[in-house]
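K.L.:
Could you have a look at this structure, given as structure tokens, before my questions?
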């Protein structure tokens, strides 16, 4: 640096580099670059390679795997780079990637570091070091083992020790990964149960140094490889590691010893090997008696295994001249490694009796294939077995040879495969490895697949090795898009960026996350496919039923199975546990209480998140007792208790605040004995009851119960703990209003380095404003309303600013709620606004992965107090964490909590997918996307169909289910990550068979819902059939009675590969049990063309017989409230009769037949009930008289009891009379309830 001499290569040098020799291995901590002195020549970006020998190079990469270093912008400024992790090397190579376009490559360099001392041992695959203990056995509770190694093979034992009692420790390389086996059990019998295997790293046979550190204290172990550490707790009963006699390094000297996991010894070099502070290699070099060194040398031998990297999947190739023919025939041998499932390894033109032919060696779908290609119609080929996969990143050895009339292919140690020839082959042209030249003269090379991306080495043609250095210098052969003397393979799945259990697979240049079965979607399985609450499902148009909710969204917690009870006033989230029924307890004491623990099918963290997100939670505890007290009557000590969600004892019971040892009757002042605060503490021989609701959220749910006073004579208890019930969603309507441009809310910085998603709702009348901003030294994220109709998401993760924009065809500053979701991960960035098309941008290849932000998060404004947002923001969520805008706004000037307006709460003014629209003097409901009408979208839209009538709705474009989202911007659903399709209709008919609904696609698939005989000829059933998947009746056990009104709901919940669906037949009456039937399929169903109600006239040839029969009959009767996602075909037919999207055949009449059917069904059932009542009227009158007499008698008894209580003050008598009176009232109440239930049951309507 600052010298006048510099590197400036020849213009003809197409791959220049500058190499620095440090003379000895040094520890390099930083490098610096500068341009050529007094010129316009400088390097603006470069790669840094390092090597111990000047051969077999490795590329330095940042912590986020970026291998490109920023260089200079002029010729004078010095640019320093401090290495995130120092490298120990002798040679450094600077490879220019970009330079000044107005000049040439000009470079001055400098390296910073210090001396490095090492103790090295070389193992040849048959050698080992034995460290013998001074005593027979070494027992340790703390161990520290450190070493550095570089290996020439993917297999080999680095360390092994074992004891006679079954303890062992083994550190080994297996398939290029480092595995630690540890067992701390006391006996060999239990060794399998105590075994612990932890694996780190991959591609460790790269002939470069790797650092290992093992730290153990008792069972706690820290296992570190290079920069990655895994913490784990060892299994087993013991805390100490007992090793007998010796530890072996580099191998196991006696094969077959117990505890041996791998027989092959280590082949490579080890340095600075320390065991609990003992320098093992230093002892071996000084020939100390406790060390036995078998065939170990103390200098690292460096084999010249020079590799070449094929960089491009389209244009990389290596052409080598064909050698002179030999009597032994042709032979080609090479080693390769790759992640790609397809690629050409070798292509060469041969001659057979003057007829040209080709010999091709390629990777196809992960298997190796050898092809003898004579013409397009005449080929012969052999392949490796299906179980032999070669795109696993490991080195594989393949050889191809000809002997006589046979071509043989051999892979690794697999059996050889051969092709029988008709004539002898002779090489004619060059051998092409990896691919073919783009511009060929003639047809000397053919490639039926993509070019090879990966590494090759040890290429031998007729047993003659290929010198890659001569190829690089242009002395022999030709090449394109190759890197010599380096294998640039990376493991892009280590560490894995697939979240939430997604499975990572990779190619040479990218990786893919398989999210099937995880409950998440997206490029990195970051987005939950489920809503965050039952409230969100209700706003999305769902009705009561079983659902999966994900309270923390894209956070680390998984989904929970719940039941959503959606009433008119509230939405209840119900979480059942494993023991909700009543349980009887006898024989328990305080010393040995009865214990029951409850399993909710969710982790404590998931339940804690659900409760915290809810506005109110409760759980009912019923405790019926007979001589079973809750508290000791002498000292008040609890005899029974329940456990909160953390497992802590709680002694307050239903309806009482925490810390108060009482029951609900004490608050209501109606305990049976006023001397006690619980009914059960009266300790009576009769059955008493202490029942109430626990509602202190911080303690819920109940995790267990303990009962300790049922051991006395006639003492027993019956208890039940109900499900956890929660209502409200605190985050969904958590809002803040910004009314000053300079105001903002600020929150602490959050960790969103590799992936994040931000979602929120806003409404405003302002033309622009910043929703949120978070800054770092260079990195940043900003989401803003950049114009009245445009939302932008801009960020910088180290590769330069990126801007995504979504433009709306209508203004967004219309004072209505709009939904925004921005996401950035290592694969892509995306932005969605309402239902507008998703905008996304792929991340740059080998770009920066880590987003580094260190400032606070500003919401509603910026750090500079400029371009602030004016309006309302609600439901702000970042990576599943909800921000409490309401609370923070209470202490911030210029911001107020909440948001004014009728549509700013969860009151639910608009039903059935209706959208609430703010008006100056109130609100209106937009029912455009609802199958219902009326002021609140609650009035059914019904149409009467005559014979031959039909309505066909044609989708505007090929309709993909993955793009079909609910159109509600007021919905709380994360539209981007959900793929849930809903279809519902009500019908009334006397016809069978009848075609209810048909959906056709452009790919000749269909879904049909028909009403037909169930096969027994006695009753009708709903059929749901699907082209090529279901041609039979799946729901033939649902007998229907014609001339009744039925409702059919089909929910198709698709996830990833469309591998499951649910068909739900839901009754419209509240009391009728839901019936569920499931169909599964694994084929994508998309590109919808049309939806038809009634008779099917076109495309009958494509339908199955039973479907075509029903389609020709059509439908006669009443259709009501037909909905397919956001489309309402009946409303479209009535309101848009001239539209090209709607086709109507026959006569349709709008009517209220749906509502009339409900009334007529109810009336019919009431008439039947009245007829039955007439036959029993006399007995009913007699029963009524008797009931009245009993009631009057009980009232007289109660008055007398009250009089005696006042005058005689006999507590016992009063209690008995009061108890009798209470039981009488309960009996009367039960009788009244039974009567009401009977009447209600008689009025039921049955729907499907």
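Quick reminder: no glycine exception, Cβ is built from N, Cα and C everywhere.
TrEMBL feature annotations, pasted as is:
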DISULFID  872-899  disulfide bond
DOMAIN    1-114  domain 'F5/8 type C'
DOMAIN    120-300  domain 'Laminin G'
DOMAIN    307-487  domain 'Laminin G'
DOMAIN    489-526  domain 'EGF-like'
DOMAIN    525-588  domain 'Fibrinogen C-terminal'
DOMAIN    734-899  domain 'Laminin G'
DOMAIN    900-938  domain 'EGF-like'
TRANSMEM  1180-1205  transmembrane segment
K.L.:
Can you give me the average pLDDT across the domain 'EGF-like' (489-526), rounded to a whole number?
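P.N.:
Taking every residue of the domain 'EGF-like' (489-526) together, the mean pLDDT is 93.
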K.L.:
Please figure out which one of 1-114, 120-300, 307-487, 734-899 racks up the most CB pairs under 8 Å against the domain 'Fibrinogen C-terminal' (525-588).
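P.N.:
By the under-8 Å Cβ criterion, the domain 'Fibrinogen C-terminal' (525-588) pairs most with 734-899.
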K.L.:
Could you break down the residues of the domain 'EGF-like' (489-526) into DSSP helix, strand and coil, giving a count for each?
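P.N.:
DSSP classes over the domain 'EGF-like' (489-526) add up to 0 helix, 10 strand, 28 coil.
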K.L.:
So for residue 872 (disulfide bond), how many other CB atoms are inside 10 Å of its CB?
P.N.:
24
K.L.:
How many other Cβ atoms are found within 10 Å of the Cβ atom of residue 899 (disulfide bond), counting all protein chains shown?
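P.N.:
Taking all protein chains shown, residue 899 (disulfide bond) has 23 Cβ neighbours within 10 Å.
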